[in-house]
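Undergrad: Pulled these from Swiss-Prot:
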- 81-119: coiled coil (COILED)
- 153-261: coiled coil (COILED)
- Cys286-Cys315: disulfide bond (DISULFID)
- Cys439-Cys452: disulfide bond (DISULFID)
- 277-497: domain 'Fibrinogen C-terminal' (DOMAIN)
- Asn92: N-linked glycosylation site (CARBOHYD)
- Asn122: N-linked glycosylation site (CARBOHYD)
- Asn154: N-linked glycosylation site (CARBOHYD)
- Asn243: N-linked glycosylation site (CARBOHYD)
- Asn295: N-linked glycosylation site (CARBOHYD)
- 1-19: signal peptide (SIGNAL)
Amino acid sequence: MTVFLSFAFFAAILTHIGCSNQRRNPENGGRRYNRIQHGQCAYTFILPEHDGNCRESATEQYNTNALQRDAPHVEPDFSSQKLQHLEHVMENYTQWLQKLENYIVENMKSEMAQIQQNAVQNHTATMLEIGTSLLSQTAEQTRKLTDVETQVLNQTSRLEIQLLENSLSTYKLEKQLLQQTNEILKIHEKNSLLEHKILEMEGKHKEELDTLKEEKENLQGLVSRQTFIIQELEKQLSRATNNNSILQKQQLELMDTVHNLISLCTKEGVLLKGGKREEEKPFRDCADVYQAGFNKSGIYTIYFNNMPEPKKVFCNMDVNGGGWTVIQHREDGSLDFQRGWKEYKMGFGNPSGEYWLGNEFIFAITSQRQYMLRIELMDWEGNRAYSQYDRFHIGNEKQNYRLYLKGHTGTAGKQSSLILHGADFSTKDADNDNCMCKCALMLTGGWWFDACGPSNLNGMFYTAGQNHGKLNGIKWHYFKGPSYSLRSTTMMIRPLDF
């Protein structure tokens, strides 16, 4: 604040003092101002112009009063009286100025207090409004911040849950990856081992192939030599067969001679036994042999009606009273029973081992009188069983050697494994069964098949351990089932009235 004051009296006194000893200086003829700073307020005093009668200062370096910056210069020859008067006047003015200053200070204090009070009131109202506005804005911002915080917390919770799930999933994936890595390592080790073994096997295989090639070449040479030998043997066999035919003719002639001799002896009644004459007749079967006094099992010669040649057969004199003519026997698989019609017709094998008597001879025997059939069976566990039929005979070749049976008994099943109502005989080259499947080819051997049927004693021979699950083996269904191949079989016949 700047206050401009004119003090006429004070100006007159200063004029009087200034004009007492100096002259008017035309350069200092204008008004002069004196400014005093007190706190925030500044005071400016207007000083009057100097009178023209005042003397000019003889020197500017002489200063009569250091406190009065604008006081006029006096000459050093002023009298002491003037100086004292001037000092007295200055003291009075100084006191007056102090009073004036005190007055101004007191008035300024009250004014400043009023101004400060008004400013404080105005500032308080403004601050209240601003505070209210700030409070409202703060509350709104707080509410928004609370909502944002809630959203952030919810989002944080979801993110934490998702992070936890991702962590669990990552842990599981890491675990699975570790397991798969371990498995891959194991597989790699196994592959390395297998590759090593394969390399070893390839080396061995190569060596074996080389060995087999050498053996093949050797075998080819051997086969060539054996082929030549076989051809030579076939030639020798052909010559031997011719010789055998000659021997057979000689044997027939000898048998005729023997028959003639027997006939002559019979006519003359020349046969002594125990001192009595008995008439000797040719043996029709093993029952005749047994009744003739030969009660030891073995090979005997029997004669057939309407057949030019006798036949060697095996007679069983031990089972169930003896007198049995054996028509089939299997025991060791040494004989192949997969043969054709002609071979089954005339028979094959050795009566002392495995053999088939022949359908033509079986027909000839069973046509003489009534016969019964007994079948002896044994499995690979040593169990024995039998089936027996009270009536047995077969038809001729035109009838395909049809089988006729009656009256089944025995321990090899409550039911008969042979067809009782009649079945034709079939071989691999003569299919007479009631099936389009050709049972003789599938089941092997010649037999009385009826849609294959539950039995085949002329099937394939299987050894122990390989006899299970064999449909084409030696089977008797109601004894060991349809796929069990038996160890041995014997078919034999005896007259019903024995």
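Quick reminder: no glycine exception, Cβ is built from N, Cα and C everywhere.
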Undergrad: What does the structure give for the C-alpha distance between Cys286 (disulfide bond) and Asn295 (N-linked glycosylation site)? Integer Å is fine.
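TA: So the alpha carbons of Cys286 (disulfide bond) and Asn295 (N-linked glycosylation site) sit roughly 10 Å from each other.
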Undergrad: Nearest of the recorded positions to Asn92 (N-linked glycosylation site) by CA-CA distance, picking from Asn122, Asn295, Cys315, Cys439?
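TA: When the Cα distances are compared, Asn122 comes out closest.
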Undergrad: Work through the disulfide-bonded residues one by one (Cys286, Cys315, Cys452) and point out the residue whose CB has the fewest other CB atoms within 10 angstroms.
TA: Cys452
Undergrad: Can you tell me which of the recorded positions Asn295, Cys315, Cys452 is spatially closest to Asn154 (N-linked glycosylation site)? Compare CA atoms only.
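TA: Comparing Cα positions, the candidate nearest Asn154 (N-linked glycosylation site) turns out to be Cys452.
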Undergrad: Out of the recorded positions Asn122, Asn295, Cys315, give me the one sitting nearest to Cys439 (disulfide bond) by CA distance.
TA: Cys315
Undergrad: Please list, in sequence order, the residues in the chain of Asn295 (N-linked glycosylation site) that are at least six apart in sequence and whose C-beta is under 8 Å away from its C-beta.
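TA: Residues satisfying the criterion: Met317, Gly322.
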Undergrad: Pop the mean pLDDT for the coiled coil (153-261) in here, whole number is fine.
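TA: On average, pLDDT over the coiled coil (153-261) sits at 82.
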Undergrad: On the three-state reduction of DSSP, what should I expect for Cys315 (disulfide bond)?
TA: strand
Undergrad: Run through the Cβ atoms and count how many others sit within 10 Å of the one on Asn92 (N-linked glycosylation site).
TA: 11
Undergrad: Tally every other Cβ atom lying within 10 Å of the Cβ atom of Asn122 (N-linked glycosylation site).
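TA: Counting Cβ neighbours of Asn122 (N-linked glycosylation site) within 10 Å gives 10.
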Undergrad: Given a 10 Å Cβ-Cβ cut-off, pick out the one of the recorded positions Asn154, Cys439 that has the most other Cβ atoms nearby.
TA: Cys439
